[in-house]
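As recorded in Swiss-Prot, the features of this protein are as follows:
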DOMAIN    8-45  domain 'Kazal-like'
CARBOHYD  Asn13  N-linked glycosylation site
CARBOHYD  Asn41  N-linked glycosylation site
Amino acid sequence: AFAPSKVDSDRPNCSRYVQHLYMCTKELDPVCGTDGHTYGNRSIF
């Protein structure tokens with residue numbers, strides 16, 4: 001069994017995207033969501 005690492009357990013701060021969703025890019029920078037799914041980047045998460 002694997003223990004979650006610190007990197008995987010950090011939750012992204014989505015507040016910077018709330019008012020500026022149009023600034024979300026499609027750059028690939030995978031992030032693991034708290035739901036166990038991998039998202040393309042923090043903005044898409």
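Placement of Cβ uses the backbone N, Cα and C atoms for every residue, glycine included.
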In the chain carrying Asn41 (N-linked glycosylation site), residues 6 or more apart in sequence that have Cβ under 8 angstroms from it: Thr25, Lys26, Glu27, Leu28, Asp29, Pro30, Val31
Confidence summary for the domain 'Kazal-like' (8-45), mean pLDDT rounded: 76
For Asn13 (N-linked glycosylation site): DSSP state (helix, strand, coil): coil
